[in-house]
Structure formats: structure tokens, C-alpha cells
């Protein structure tokens, strides 16, 4: 959660004592377990190492790291002061905000990948490869760190009655820096990525309608539609969880808000809703992806799926046999096949 404060403003979630610490515990535990499971199954099973899943892996890592700051936030809220010192304050704030940016950037990259897969399936072949996806993931973290530099530079401690608090210590003119930061985070951390995402899906819809793609026309197209549907739902849930948070932030600098107990409680809920997004993604994967569902069941021993490794070897033999007998199938698989799109 970005730490938005005019050095002690009541709307700052980090010095917001009316936020019940126990509200943060359910999303924290669920996110740890769910996203760790996502990371494990993608790394464990060869069939899960698709281009799309490599981006999902990056999003899961971001979600896990994003939740690491929650125990520190909960402790500050419970004690009504920051007991960990300046160095850890800067680390926690940087990691927290860094992964918030990374999450939305990951979703933007996934949406661009969907656009390339659906609209330019042949031309995008050289870009839609696991090795390229891994490089893009590293670039996403680099861009996120660059965008996050204001928090790295200005995070610190302020002293108030009762103790110190971890927040952003803006230089003078404080009001100007605070206002600029609000619009900076809204534009780069929400509006611009969301604009790119919406444009990608608009172009996908136009392509699908103009080409008259038939339902069930091929295995690859069915897989593409499933992946696109899953990514679009994950994006929609992200917007639902984070839009109220950014509305609060922008409103805090564009209008006069009188702090009331109801407003404090509402903002506390908005903050928790943003964190809850991190635990929603694994649930969505389980419901929207048959491969994720089977992998989760196998790892948790809820249902033995006959050994995914054996299934992979069987599928591989069938695919090789099919490609040898059908040159068209071979070209389709090589251009944009299951290794890139299957979920």
C-alpha cells in the first residue's frame, strides 16, 4: 500500500489507528498460502511453464512480497507507533509499494500478451516465448523500482505524541509534494496501465468479431479463449479491489474532506480490500484454469490426478504423433501452440 501522507494526515493507512489489525490477518494468510501454491505448481510441473503462466508466476511473487509488509502494518496499528526503527521502515515501505506497482504492471504485460496471441498469433511468435517472458518479468521489476524512487527517497519516521510513525516525510513545500505524489501514483500505478489494458481488450474484441471466430474451431483457439477470459477476470477483480483506494487518494487532494469516524472506517475497509486482491488471484486460477485446478488438487492431495508428470509425458507423446501425421498441426503448435497458451 502506498503511504500517502501529509506527514501525519489522518488518511494515511500507516498512522491510521482506527484500522483493526485483525482485519488484515485473513487476506495475509490466504495470500501467503494461495500464491505460494501458485509459485510451487508452476515451478514443479513442466506443463505449467507456459508464457502466460510465467507472467502469472511474476504476479504471484509480487503478491507474496506485497503481503510481507502486513505484519509490520498490523503491529504499528496495534501499538499506535512504529517500533522497528528507520532502516526497517524504509525497507518495508519500499517493498510494499514496489510490489503494488509490480502487480498492475504484470497485469498490463499479461493483457498485451493476450492481444499479441489473439490479434497477431503468427507475427508475435518470436516474442511469445518463455525466455522472452522471463526477461520481461525482470524488466517489470526494474521499471517498478524506478517508478518507486520517491518512496525510497522520502520514506522515514515522524514523531507524534505517543511515539514515532513510519510514513513519507515530504520536504517543503510539503503540500505541493504530497499533491504531486497523489497524481503521480494514480497515473503511473493505475490509470495508465489500466488504459493500456482496456485498449488491448478492445482490440481483441474487434479482432474476434471481425474475423468471426467459431466456437470450438480448434484446440489452440479454445485454449486462447480460456486464457484471455482468465486474464480479463483477474484484471477486473484487480480494478474492483483497487479503484476505491485510488478514488480516496485523488479525492483527498482535489477536495476538502473532513475526517469522521465513518470516513476512517470506510478508508480502513478500502485499504483491506486492496490487500484482499492478493489472495483473490489463486482462487480465480483454480476456478478458471483446469490445469491449475488439477495441480492444486495434486499438491494438496485432495484428489490424485494420476500424476501430472505421467500425464505430461502421455500428452507429449500424443502431440508428437499428431504433429508427425498433420503438418498443419505442427505449424500451429510451433507458431503459437500449447507451450505458449495452455492453462
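For all residues, glycine too, the Cβ spot is worked out from N, Cα and C.
Where the annotation comes from TrEMBL, it is an automatic prediction and has not been curated.
Here is what TrEMBL says about this protein:
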DOMAIN    34-285  domain 'G-protein coupled receptors family 1 profile'
TRANSMEM  55-78  transmembrane segment
TRANSMEM  98-117  transmembrane segment
TRANSMEM  138-157  transmembrane segment
TRANSMEM  177-206  transmembrane segment
TRANSMEM  227-247  transmembrane segment
TRANSMEM  267-288  transmembrane segment
COMPBIAS  313-323  compositional bias 'Basic and acidic residues'
REGION    313-343  region 'Disordered'
COMPBIAS  327-343  compositional bias 'Polar residues'
Given 55-78, 98-117, 138-157, 177-206, the one sharing the most C-beta pairs under 8 Å with the transmembrane segment (227-247) is 98-117
Chain residues in Cβ proximity to the transmembrane segment (177-206) (below 8 Å; excluding those fewer than six residues from its ends, i.e. six or more beyond): 2, 4-6, 100-101, 104-105, 107-108, 111-112, 114-115, 118-119, 147, 150, 154, 168, 170-171, 228, 232, 235, 239, 242-243, 246, 249-250, 252-253
On the 0 to 100 pLDDT scale, where does the domain 'G-protein coupled receptors family 1 profile' (34-285) sit on average? 87
